[in-house]
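What TrEMBL lists as domain 'F-box' is 12-58. For H445, H447, E451, H490, the entry in TrEMBL reads Ni(2+) binding site. Per TrEMBL, Fe(2+) binding site is recorded for H445, H447, E451, H490.
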Amino acid sequence: MAFFQFSSGSNTAIGRELPEDVMIQILVCLPVKSILRFRCVSKSWHAMLKSHNFINSHLISQKRRDVLLVRRCLLPPQNDDVLSFHDPNSPELEEVSPNLSIPFLKDIKCRYNQPYEIAAVVLLGLSNGLVCIFHEEFIILCNPALREFKRLPPCPFVCPQGCYFFIIGHGFGNTSNNDFKVVLLQNVDPDTYWKPHLVVNVYDSTTKSWKQIDAGDTMQLAFGGCMAYFEVFFNGVCHWYAKRNGLNFNHAILCFDISTEVLGWLEYPDISSIEHGWRSLFVINGCLAVAWYDRFKEDPVEIWVMKEYGVKYSWTKQFVIGPFVDYFYPFLAWKNEWLLMDKADEYKIDQLDERAEVIQAWYMDDSDEDQRLPHHKNPKEFVSFEKLDELGVLSWKLDADNYETDPELKKIRESRGYSYMDFCEVCPEKLPNYEEKIKNFFEEHLHTDEEIRYCVAGSGYFDVRDRNEAWIRVWVKKGAMIVLPAGIYHRFTLDSNNYIKAMRLFVGDPIWTPFNRPHDNLPARKQYVETFVQKEEGVGQAVDAAA
């Protein structure tokens with residue numbers, strides 16, 4: 001292999017043979033498109049660019065670039081099953097490379113002259129830059145960077161006479177020495193009675209062969225999901241959502257260490273109403289995580305994180321997102337900040353924000369019913385934290401059980417100058433002149449200073465106006481701290497629980513004077529309109545707040 005360099009002061013090209021490691025250092029910085037083109041330079045280049053050493057080095061280099069790989073089923077006229085490449089940092093997941101057709105799946109369509117069941121194809125990975133594609137007729141290894149596919153030998157398992165079997169899980173991951181293993185879980189049931197036992201089939205890339213591990217009756221599965229949502233490779237171990245056989249069919253996570261080839265169990269988090277929930281396994285912040293929500297209710301999605309791997313009591317409800325009007329199945333955490341959600345042929349990204357566990361916001365209807373009711377629009381229209389930030393409404397999730405010693409609260413108070421603090425309990429039993437005061441709280445008004453409230457018990461609603469004068473209801477629960485900017489029109493009411501205990505904070509001596517609407521001449525209101533209402537480009541005049 002030769003590179004050519006011009007010597008200074010001369011037009012003569014001097015051929016210099018570069019060491020292969022130097023060549024690799026240069027070429028790993030190039031995009032995949034260039035690598036594919038350079039493989040045609042010569043046989044030696046082709047061999048180098050396909051070598052294990054180069055592929056690993058290029059993979060490490062490319063990990064610095066954010067690319068999201070998505071399997072898509074294209075409708076006619078394309079009528080194809082492809083892998084598409086997207087920029088996760090773009091709002092619409094912009095495609096950054098041509099689609100990669102999966103040829104084996106297209107062959108199935110041609111052979112049977114009819115579509116195959118989309119859910120019958122499972123993709124696992126990326127693991128060391130490879131994707132594994134499972135179908136009942138084949139197992140394919142794909143290198144998306146090189147746009148290459150390789151068909152693996154079929155699993156040689158033969159079902160014993162008088163039994164039947166079905167696949168209950170798939171696994172794929174790389175070992176410490178960068179080789180990989182493929183795992184197929186099978187339940188084998190006798191025809192005469194229901195007493196299944198678990199069989200684990202393992203393909204090892206080092207031996208290029210399959211082996212079989214019979215787990216017997218000690219490792220029985222009552223149910224396992226054959227979908228990517230239910231399985232994840234983490235920490236050198238394949239994990240599957242499952243139920244252990246027994247009187248109570250306990251929910252659990254089945255584990256298979258691909259290095260030691262040993263099966264085991266992890267305890268599931270203690271989630272209420274788990275029988276009716278949809279659940280997904282994935283990894284976030286370097287920890288195993290479970291996403292769960294009740295499919296019969298429009299509840300938020302709960303993200304439970306195992307802070308210490310293998311320790312049941314370390315499961316913590318870390319995030320809450322949504323709720324969503326439509327069903328979206330969570331299956332991938334991105335950069336520990338975003339959750340990719342799947343719904344048939346539609347994808348969406350939602351921000352992982354622990355504040356959602358104690359704060360939710362939505363647009364209100366125009367009903368005159370009890371002010372303590374949620375007053376959702378139909379259909380429901382939720383509001384993001386980003387939207388609240390644009391209106392100047394700030395919020396935090398804090399440790400309400402330890403507010404006296406909470407370092408995060410101390411940090412906020414010091415940085416924002418909240419020198420004054422007291423408590424206020426709002427309920428019929430604790431607040432003098434309750435009926436009159438709760439009526440005054442619900443009058444639309446503003447303050448000339450920030451309104452800071454930290455809910456240490458109970459819950460309640462703060463209603464704020466958006467830029468178009470629509471009401472947004474902000475529901476705060478225990479642990480929620482909210483700051484309403486000076487000059488914003490708002491109101492407060494209890495929810496149906498009829499109780500809130502809030503810490504009130506202030507800069508200097510407190511001034512609680514409300515200015516009922518309209519008070520658009522106040523400097524605080526003018527400043528708010530200029531800073532937040534007219535913030536968007538193209539808005540030329542202030543909203544007529546008195547209209």
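Using N, Cα and C of the backbone, Cβ positions are placed for all residues, glycine too.
Heads up, TrEMBL stuff is auto-annotated, nobody curated it.
What TrEMBL annotates, mapped onto the structure for a quick look.
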residue: H445; record: Ni(2+) binding site; contacts (Cβ under 8 Å, 6+ apart): Y489, H490, R491, P514, F515, N516, R517
residue: H447; record: Ni(2+) binding site; contacts (Cβ under 8 Å, 6+ apart): L484, A486, G487, I511, W512, T513, P514, F515, A524
residue: E451; record: Ni(2+) binding site; contacts (Cβ under 8 Å, 6+ apart): V483, L484, H490
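Each of L446, L484, I488, Y489, R491, P514 belongs to the same chain as H445, H447, E451, H490, is absent from that list, and has a C-beta within 8 angstroms of the C-beta centroid marking the Fe(2+) site. Looking just at the domain 'F-box' (12-58), the mean pLDDT is 68. Here the Cβ of H490 (Ni(2+) binding site) has 22 other Cβ atoms within 10 Å, regardless of which shown protein chain they belong to.
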